[in-house]
Every structure is written in C-alpha cells, then in structure tokens.
Amino acid sequence: MRGFDKLAERFARSVARGTSRRSLLATLGMGITGAAVFPVLPVARASTHPGGTPHQPVTSGNPQDPGDRTTCDYWRYCAIDGFLCTCCGGSVSSCPPGTEMSPITWIGTCTNPADNRAYIISYNDCCGVSSCGQCLCNRNEGDRPQVRTQSNNDYNWCLGSESSVYNCSTAVIVGVALEQPK
Amino acid sequence: MTDRLALLIFGLATGLIAAGVAANQPAVLPMPGVADAAQAHIDYKLKCQGCHRPDGSGDDTSNPPMRDMVARFLSVPGGREFLGRVPGVATAALDDARLANLVNWTLYTFDRQHMPKDFRPYTAAEINVLRQNPLRLERVETRARLVAGFMQAGKDRHIEN
C-alpha cells in the first residue's frame, strides 16, 4: 500500500513539474482550430458528384416494367403524392417494417412506357410511423380538386388503418384499364 | 403407329385441359342491365374500390359495406333513389350509361341474394335524373333511416316465420 502511495506521489509531482498551468488553454485552442479546419479538408462526397446517384437504383429486372423505383420518374408514380416506400425500407408494393398498409387507397391510372397501355394503380399509404422523409414525389396526374373527395390525393388516406400517421406511399398494379371511347 | 399414339395423347391432354378450364370457370349468372361486365369491373376498380375495397366489404367507420347489403336498399321505399343519389354514385366521373352499367353490376356482384325478384335494372335515363340531385350532408341520416327500415322488415319477416 505504501509503495502504491509513493508511485502516485511521484507521478503527480512529475506531471506538476513538466506542465504549465496555462498549457490547458493551448491544448483547447489547438482542438478548436483543428475542429474548424476539418470540414475544409478535401474529402470526396458521393452526393456532390453531378452525375452520381445518392443511392443504388432499384429495378424490377423485367423489361415490361422499366425504370428505377427509387426515382420519381418511375412510370407507376404518375399520380403519387408522398414519400416513396422504396426509399423507406419498403418496396413499390409493400410497406416498411413496423408500418401498416391502409386498406383505403387513392386509385389512378398510369401509362407503362414498355407497352403503352394504361394500368390501374393503387397508391396504398403505409401508416403508423411518422413521415419517412425520403424521396418526396408529387406528380398528381389525374388528381381532382377537393370538392371531388374520392378523386383527390391531398387527403390523408391512412383513415382505414389503426393509426392515421402517414409514413410513405406504395404503387400497386391492380388491373389493366380498358380502351376508353373518346 | 407412333403418329397415332401421339395424336391420341395430344387429344387426351387437350380434353383434360379443356375440362379443367371449364371446371375452374365460375358459372356466369345473368346480370340484367349490365351491357359490359368487364367495363363495369374496371370502372369499379377506378371509381369505387379505393374506399369500398376490392370485395365490397368496406367497414363501419369509414366506408359502409356493400357486400350482402347493397341490394337490401331496393326493398325499402326511397332506397332505389338513394343508390342513385349517394355521392359516390352521383358524382362519379362516368357518363350515365356507364354509371347505370356499373350500379347494376355492383348490385348483382356484391349482393345477388337480396335482389328483389321484380328488379328493374337502372337505365341511363333514370341514373341521369337521380344524379341531378345528389345527397350531401344528409346522406348519413338518410342511409341510417333506410338501413333501420330494412332491418326492421327483416325482423318482422323472421317473427312471421
């Protein structure tokens, strides 16, 4: 025990001899300057590249269903208004874990560029967890003013589910539209 | 000889497939007033299914069920008019002929068992008149009154039997 005391004393005295009281200021100052300079260092950031994509594209691999499902340009999103579930841990036809698919949906039609036919798309919202915030997409083709309640997509369609908190939107094909007489 | 055998096998296979297809096809029941059932189904998907569900089941909080329910309105006074004036029908973006086709199809598809024996299909002209005067805020009250009407009638019939 005595030896331990001696050791501690020697260590404390050597620190006191070897450092000045103001050296704390010098160390802190160096730290602050270093922290300020750090972001200026030439670090490559993928998102700043003009042609780069911030994430991996998600495709079906099927030539009949072309396009990247994480981008708003994907054909099925023509009437969507919301966050894409493909960017939120779900997919174009399924909800992210922890959310519930609303049974009540907004339904529209989109033209598939592969065959130029109009498909009926059901935009089921995923509900129960706060907004995903990724890949906002707001294309609204066929959207009608709010006086036509059933054809307006600004409403929260999370009404039929347990929780009315909106997370993201899917785009499920439910049928092929017939040729309409003009 | 092998040719004949091949022909025989081909014939048998075709016959079996045809029989299988025939067995899987649901019997097509008549739907008076439905000129084009395929068109009606597409229109149902586009204009109704989003809220009333693909099978017409609905729920009691957001959108009323139509399955095993919708044709019962035809049995009470004012019910036939209600089905043409309810907002989802009256304000649907379809012309009168397609809307009449759709309403008749919906009745037969989701509630054939309650269809009155003497049902006259909705015509484009009748739909045209009804949709001129759509129900607005009074729709909930109107529906509740009609539902109470046919529920009571159902009970009376039960007691008589």
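These residue numbers are counts, starting from 1, taken along the chain as shown.
Keep in mind that glycine also has a Cβ here, set from the backbone N, Cα and C atoms.
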Candidates A:Cys72, A:Cys78, A:Cys137, A:Cys158 - disulfide partner of A:Cys110 as recorded in TrEMBL: A:Cys78
Whichever of A:Cys132, A:Cys135, A:Cys137, A:Cys158 is disulfide-bonded to A:Cys87 when TrEMBL is consulted: A:Cys135
For A:Cys87 (disulfide bond): DSSP state (helix, strand, coil): helix
By Cα-Cα distance, the member of disulfide-bonded residues A:Cys72, A:Cys78, A:Cys110, A:Cys158 nearest A:Cys95 (disulfide bond): A:Cys158
Secondary structure content of the domain 'Methylamine/Aralkylamine dehydrogenase light chain C-terminal' (A:67-175), with strand meaning DSSP E or B: 12 helix, 34 strand, 63 coil
Neighbouring C-beta atoms (10 Å sphere around the C-beta of A:Cys158 (disulfide bond)): 22
All-chain count of other Cβ atoms within 10 Å of A:Cys168 (disulfide bond): 27
Residue pair A:Cys127 (disulfide bond), A:Cys88 (disulfide bond) - Cα distance, angstrom, rounded: 12
Within 10 angstroms of A:Cys88 (disulfide bond), Cα basis - recorded positions out of A:Cys72, A:Cys78, A:Cys110, A:Asp125, A:Cys135: A:Cys135
